[in-house]
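Written below as structure tokens is the structure these notes are about.
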Amino acid sequence: MSLTAGSRPDGVRAPAAVEEPVAALAPKAVPEKRSGGAKVPFRTRLRRDRALILMTLPAIALLLLFNYVPLLGNVVAFQDYDPYVSSNGVTAIFHSPWVGVEQFSRMLGDPLFWDAAKNTLVLFVLQLVLFFPVPIALALLINSVVRPRVRAVAQAIMYLPHFFSWVLVVTVFQQIFGGAGIIAQTMERHGWGGFDLMTNASFFKFLVTAQSVWKDAGWGVIVFLAALAAVSTDLYEAAAMDGAGRWRRMWHVTLPALRPVIALLLVLRVGDALSVGFEQFLLQRDAVGAGASEVLDTYVWNMGIQNGDFSYAAAVGLVKGAIGICLVLGANRFAHLLGEQGVYKK
Amino acid sequence: MSLNTQLIRSLQAPPRPVWEEPPRRAGLTLKGGFLVLCCLAILGPLWIVVVTSLSPKPVIDRAGGLVLVPDGITFINYTELLGGGQVSRAMLVSIGVTVVGTVFSMTVSVLAAYGLSRTGSLGHRFLLMSLMATMFFGAGLIPTYLLVQSLGLTDTYLSLILPSAVSVFNILVLRSFFMGIAPELTESARIDGASDLRILLTIILPLSRAVLAVISLFYAVGYWSAWFNASIYLTDQQMMPLQNVLIQLVQKSRAAPTGLQQAVHTGQLSTLGLQMAVMVLALVPVAVASPFVQRHFKKGMLTGAVKG
């Protein structure tokens, strides 16, 4: 029998530990559980667990300061915020005039906002169609390679760009596809000039999608490969016995095994639909112009931090965040309807 | 077994189960070809960048752009860049922020992950929920910016570390790894009278090297790659980290780093070679570090990722 809190100096016996739903691939062990509830007096628990609580506090304090407090700061969206009415940006909130929903109504009549919203949605759809399936396809391909060395090398190379900064990725693309890049130089030598994908506004959306694929498709493979590794070979063998060829086995065994992971990642992606990528667009904003590259995130940055119109930018950010939460909840509900677990349980 | 036989073994496919069809030649070629293409698409550009940064000026000029085939190797671009001046300073800033930031983030995260790993402890649910809630909403750029500004963090290196110091995702990964460690170990230590901190330091941490390596790499890469915070919170050019200098050099097409314009002007150095060398400086640390941690990625990613 394993000893639980019962053997502790405070002399409290724990009920049999209940297994938590640990992650699928975690080593199977019952986590040590501390007894709680009515039987143990509050002061005993406080004395027993104070070290654990103290350990958690630094992280909670940081999140409180940089995640919860700024949440309150969103009230500037309902103001005509002026950072200079007070010596400090936060106390200035108390001195700025309230304007109600004026910023929001201004947003609805702002063509630039709608342009940014449209760009965001188009990019989201493009990413969903052109980016999302790529890691799945790559995982199926790598999974079908039997030689361990080949698998390992291919994976090692494909993971690499995930760790490069966006600055680096954009720069690499610029050196290859840009006006002074290697393709343009080669074409110029053959007499065809004027090649520059990096400043081509009409091609821009495909370019950024390609950058995302180059950077992160290989990394996305990990999750799918892990799900595939968990599939029992008995299933494949049984299917083969029943006369299923390799394509039918893929359709009836492999893909169903991936279904929950695909559903989960799809929910996450849809929930994040309004965040199509920020750094990538900000870095290339100058090259292609705001018309093609402006997304909601860069619009907030431009209006707030560049133009100093904090209240309006906060209003745009708030609407984006609110729609984002609705999307997560909605997508998760939809996943439940399809019989998948989604991000969290009901 | 000799090393040679071992190598051949590892290159050979493991035996196939009887029910599986033998691979067709066309299929193998197609698959292999596609994988090679994928790898080339990733390694090709990196090769060009590295080779160009190592080429002497005449070779770069002759190539009319980026160099594909090395012809004479020189380190002059690197020695010039690292011999003091803008890029050396930026390099030091980036290394400093990365080291200090990673140590700080890891300390906070490991403590929190252990603190939350004992279910049923006082306030466990509440603390865990208040942590996880932040995954669903972001405060938004503008309020965060105003906060950092009024805390007086602008133009300090703290503004590059504190606002993004904790990643809840990383804490959850660490936590579920800690929870997977056999409880018998911690229990027996507890009987011997070990405190929670002692258990964490002497039992949990030595058993968690894999996940610690992965999460440290995630944090370190985050700090190394960050440029946005620096671009909005720092006004002093002297304080800029490497990524921001790279933006100025290549994106904003500033010809050469401050201090080296003269050498470029007189034709001793090639602008392109210098730019590529700065890129390599930004690239090498992550490219070197990630393969060492790579074999742990899967485990580290998945213990926490699938379900918090």
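Quick reminder: no glycine exception, Cβ is built from N, Cα and C everywhere.
TrEMBL has this to say about the protein:
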type     : residues  : note
TRANSMEM : B:34-54   : transmembrane segment
TRANSMEM : B:90-114  : transmembrane segment
DOMAIN   : B:91-287  : domain 'ABC transmembrane type-1'
TRANSMEM : B:126-148 : transmembrane segment
TRANSMEM : B:160-178 : transmembrane segment
TRANSMEM : B:199-221 : transmembrane segment
TRANSMEM : B:272-293 : transmembrane segment
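Stretch with the largest number of CB pairs closer than 8 A to the transmembrane segment (B:199-221), among B:34-54, B:90-114, B:160-178, B:272-293: B:90-114. Put simply, of B:34-54, B:90-114, B:272-293, the stretch with the most CB pairs closer than 8 A to the transmembrane segment (B:160-178) is B:90-114.
Residues 46, 49-50, 52-53, 55-57, 60, 65-66, 77-78, 80-81, 87, 91, 98, 213-214, 217, 220-221, 224-225, 242-243, 245-246, 249-250, 256-257, 260, 264 of the same chain sit 6 or more residues outside the transmembrane segment (B:272-293) yet have a Cβ under 8 Å from a Cβ within it.
Outside the transmembrane segment (B:34-54) by six or more residues, the chain places 60, 63, 66-70, 73-75, 77-78, 272-273, 276-277, 279-280, 283, 287 with a CB less than 8 A from a CB of the stretch.
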